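Colleague: So TrEMBL says this about it:
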type     : residues  : note
DOMAIN   : A:60-134  : domain 'NADH:ubiquinone oxidoreductase chain 4 N-terminal'
DOMAIN   : A:139-427 : domain 'NADH:quinone oxidoreductase/Mrp antiporter transmembrane'
TRANSMEM : A:6-29    : transmembrane segment
TRANSMEM : A:38-55   : transmembrane segment
TRANSMEM : A:92-110  : transmembrane segment
TRANSMEM : A:146-163 : transmembrane segment
TRANSMEM : A:175-196 : transmembrane segment
TRANSMEM : A:216-238 : transmembrane segment
TRANSMEM : A:290-308 : transmembrane segment
TRANSMEM : A:315-334 : transmembrane segment
TRANSMEM : A:346-364 : transmembrane segment
TRANSMEM : A:384-414 : transmembrane segment
TRANSMEM : A:420-439 : transmembrane segment
TRANSMEM : A:466-486 : transmembrane segment
Amino acid sequence: MLNLGAINASILTLVTFLPAIGALVLAVFPRKVIAERWFALGISLVNFIFSLHLLRSDIPTQLSTATVFQFEIDIPWITSPNIHYHLGVDGISVWLVILTTFLVPLSILVSWHSVSHRVKEFYVLILLLETAMIGVFLALDMFLFYVFWEATLIPMALLIGIWGHERRIYASVKFFLYTAIASVFMLGAIIWLYSHFHTFDFATIKQALQTNPSEISWMASFWLFLGFFIAFAVKVPLWPLHTWLPDAHVEAPTAGSVLLAGVLLKMGTYGLLRFNVGLFPDQARFNGPWIMTLAIVGVIYGALVAMVQPNLKKLIAYSSVSHLGFVVLGIFSLTTFGMDGAVFQMLNHGVSTGALFMLAGMLYERRHTYEIKNYGGLATPMPLYATFFLVITLSSIGLPLLNGFVGEFLILAGAFQAKALWGALAATGVIWSACYMLWMYQRVFYGAVTDDHNAHLPDIDARERLALWPTVIAALIMGLAPWWWLARIDSGVLKLLPTLKTITQVIGR
Amino acid sequence: MNPITNTDYVTILPELVLAAFGLIVMLVEPFVTKGGSRKPLGYLACLGALASLAATWYQAGSPYTQGFFKMVLVDHFSVFFHVVIALVLFVALLGSLDYVERQHIRAGEFYALMLFGAVGMDLMSSATELVLIFIALEISSISTYILAGMRRRVAISAEASLKYFLLGSFATGFFLYGVSLMFGATGTTSILAIGPQLHAGGFNPLVFAAVALMFVGLGFKIASAPFHVWTPDVYEGAPAPVVAFMSTAPKAAAFAVLLRVLFAAWTPGWFWPVWISAALSMTLGNIGALRQTNIKRMLAYSSIAHAGYLLVAFAASKAADTAGISAAIFYTAAYAAMNVGAFLVISHLAGEGERFVAIDDYAGLSRRQPAVAASLALLLLSLIGIPATGGFFAKFYVFSAALQANLVGLTILGLINSGIAAYYYLRVIVVMYMREHPAEHEHGHGAERITIPEGVALTLSVLATLYLGIMPNRVLQLAIEAAKDLLR
């Protein structure tokens, strides 16, 4: 029998560092000894299975237990400054970790043939990136969080810069500089908190701020809030800080786009939720109006710009700006509906936009172009592909019974509760998203085949189906049985803001 | 007067060992067969570096021993710097074994001068008497002047040597003038006696002039603005392994002297000169580096900027608190680890006659020599200050000390500068990883594999950088001990 206690104590470390160990092994052994694709796929699948163990935790489905974080591990790492290796998982991060471990094997599958040079380095970087991303979601020591946060930067910049398309170097450097410079502000805020509280521990600082809000002056907490906010807003990206995103997405290889949209952007919204709202609820309330205004501008602006994009990948990138605007809106509505919906929408966006980028990549492998005008009538040669694409498109639009609907509905409900005008304005975003997605779908798939090159495109093969099925199934289950997800999310969100009611109390179930 | 005892000799044991090995190298050289490999001399010199490390280890057993009529002091502070200098020397020597052969440099003089230079640097960190410090400074400087001109057939090397020599002598002149004024003001040249004298006597304008003049002299040695103009030219012309050595070890020693002069004696009037110099060095260094196309010049400007970050820690030092001083000490160690490695990579890739020192020559390096490219990338990331590298904690300690000392303006300036700096370091990584190898270089350049000594040296430097970035505890503790001994 396996010793469950030992597993529980080390599961977070295992899930975080297994990919890094895999990367190390892959880097050291020569190419002939290891089939790098199979090895990377194996490691990431094993990690996915391990990460499912996190669901066996006692993450409360109701607000009853006192502790929030499960599977905690807390070891002193550096004594001066007082830094701990402190990991833990709660109802918010558990899903984001699983989203990460879910998307990594898929992104390896879609890179199977499209990455043909420097194959080994590619998978080493993907695995390193996985470790860093999971670390961001699990770290409970702010310093450790910052280390993982910065660590995601380098593999992603290299993925874009080495395996990207024509303007890859420009996109890679832009991505790196935007994020690195913005996170300096977060580092400043973290150091300030340390010099005040003499600890980097998230829970301790939160406790101190909660029990004695006058511990730090209003002005100080305003600047701290802003410091964190800038770092996260660039990552999300919130309008008008989004300009790096279309470049990075268009130039990135498929796997890079999938992980960038699927996981890296969520690090920003996760940070907003965990740090900005979690540590400074009063500031979140005070600054909420202008942040929500920016979010709504982002929703509408992203949708309108997406509509006129001639390039498929750029269209999906701008749709991300729009969808992430929704998430930020939900977070700063500071209502149970809004925040639960925001977390749920993060997962949705990860699944559906991740799948959209995979689909776009498959098309690119066949025709080496992302221009929508080069396609048309693809439903005839590629019926199966068209079906998958349709399901994901509908999920992205937010059709009821698919996942997108649940998230958008909850966010809009939260926004209406906060202020009816915000809800009304944001609701137009749903309409816009239907416009640009369906119009794009129509131009690519319906009608007669306009270009002879497209007449005999092969439909998707078994490997590609294998990569797409999980996303479709996930979209369906999340749409049909959102409660399963929301129960855990709810417990995490409630711990952020003690004044909130549980979703059960709100809907009176 | 007391006779000189064995204890006295123990206080300068590492210096004695290095000097002895330097002499042995010169004596042995004629016996190495003509036209044969000169590497045995290099290995002998490496042995010398290790022996001095062992001697330092022996000294560390009885810290805080004074010797030679209280002119030399062995404490945690001097031991720390001795170890840094010995390790840098060892790594730089390992890295120059093949370089010396490739560039047809006279091996005997080269290795001997490296060792003699280290004698001066060691002595700088343990001397507590201003005239002895001056002598040590000259020993170290004169060795490095000659080393800078070691590529005898290359004009820019001679230019580097001459420029370094002229400006350097001028700077040591300033230092000496400062020493004499200090003697005039306090009647003593012993650092440990100056402090009480200053506190006993009242305000004396001479002391301010003395401190300012000494700061000018040492500011030149650490390449801080506005005394930095020599740096790019000298680094460009001097042999790459020599730059690896002289951008770290003499600098560490000069910082040690500066720490002793400013803080052990707690002289007045240093704050604003240091503040201004820190701000100028960071800004001018980073802006200068932005436009460089030669990697040696780029790293020269970067070293100016790093001197600026280090001076921030000086400005943050307070009498009762070791935070600023220990941050400065830690920074010298971290900077030595990463910079030595970066210059060793340059020296490995430079090729005969140092033809390949443009940043563009690094295009496609990640494919030709993945391990070397990865090492350089890591060292550059450490120079940027990315977490999990030594450079990060070095900066972290400096800026948190500065915040504790309420130097908010200087901290913000430093953080902005770190952001700017990311750009030019990153450019090298971009070129290595994302640019393709130019076709005309397909044969010849970059094909030669890294040799075992070079590999060992580079590995040591990378491991040290990682060690300082992942487990900085031990070294930081030693730096705090050193700072405590300094203030004792």
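Note: Cβ is positioned from N, Cα and C throughout, glycine not excepted.
TrEMBL labels come from automatic prediction, so no person has curated them.
These figures come from a predicted structure and were not determined experimentally.
I'd like to know what surrounds each of these features in this structure.
Modeller: Sequence-distant contacts of the transmembrane segment (A:6-29) (same chain, six or more residues past either end, CB-CB distance under 8 Å): 36, 39-40, 43-44, 46-47, 50-51, 53-54, 71, 73, 87-89, 97, 101, 104, 120, 123-125, 127-128, 130-131, 134-135, 138.
Tertiary proximity for the transmembrane segment (A:92-110) is limited to same-chain residues at least six positions away from its ends with a CB under 8 Å from its CB atoms, namely 15, 19, 37, 40-41, 44-45, 47-48, 50-52, 54-55, 57, 59, 123, 126-127, 130, 133-134, 137-138, 254-255, 258-259, 262-263, 266, 270, 273-274, 343, 346-347, 350-351, 354, 358, 361-362, 463-464, 466-467, 470-471, 474, 485, 488-489, 492-493.
Here the transmembrane segment (A:146-163) has Cβ contacts under 8 Å with residues 115, 118, 121-122, 125-126, 128-129, 131-133, 135-136, 139, 169, 171-173, 175-176, 179-180, 183, 186-187, 190, 231, 248, 251-253, 255-256, 259-260, 264, 267 of the same chain, all six or more residues outside its ends.
Away from its own ends, the transmembrane segment (A:175-196) comes close to residues 81, 142-143, 146, 149-150, 153, 156-157, 160, 205, 215-216, 220, 223-224, 226-228, 230-235, 241, 244, 247-248, 271 of its chain (Cβ-Cβ under 8 Å, at least six residues beyond either end).
Sequence-distant neighbours of the transmembrane segment (A:290-308) (same chain, 6+ residues past either end, Cβ-Cβ under 8 Å): 229, 238-240, 242, 315-316, 318-326, 328-329, 332-333, 415, 418, 422, 425-426, 428-429, 432-433, 435-436, 439.
Nonlocal intrachain contacts for the transmembrane segment (A:346-364), taken as residues 6+ away from its ends with a CB within less than 8 angstroms of a stretch CB, comprise 95-96, 99, 102-103, 106-107, 110, 114, 249, 253-254, 257-259, 261-263, 265-266, 269-270, 312-313, 316, 319-320, 323-324, 327, 370, 375, 378, 385, 388-389, 392-393, 395-396, 403-404, 406-407, 460, 464, 467-468, 471-472, 474-475, 478, 485.
Within the same chain, residues 319, 323, 326-327, 329-330, 333, 335-342, 344-345, 347-349, 351-353, 355-356, 359, 362, 378, 423, 426-427, 430, 433-434, 437-438, 440-441, 444-445, 459-460, 465, 468, 471-472, 474-476, 478-480, 482, 486 sit at least 6 positions outside the transmembrane segment (A:384-414) and bring their C-beta atoms closer than 8 Å to a C-beta of that stretch.
Nonlocal intrachain contacts for the transmembrane segment (A:466-486), taken as residues 6+ away from its ends with a CB within less than 8 angstroms of a stretch CB, comprise 95, 102, 106, 109-110, 340, 344, 347-348, 351-352, 354-355, 358-359, 388, 391-392, 395, 400-406, 460, 503.
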Colleague: Could you tell me how many residues in the domain 'NADH:ubiquinone oxidoreductase chain 4 N-terminal' (A:60-134) are helical, how many are strand and how many are coil under DSSP?
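Modeller: With helix first, then strand, then coil, the domain 'NADH:ubiquinone oxidoreductase chain 4 N-terminal' (A:60-134) has 34 helix, 16 strand, 25 coil.
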Colleague: Near the transmembrane segment (A:38-55), which residues from the same chain, at least 6 beyond its ends, have a CB less than 8 A from one of its CBs?
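Modeller: Distant contacts of the transmembrane segment (A:38-55): 7, 11-12, 14-15, 18-19, 22, 25-26, 70-71, 89, 94, 97-98, 100-102, 104-105, 108-109, 123, 126-127, 130, 134.
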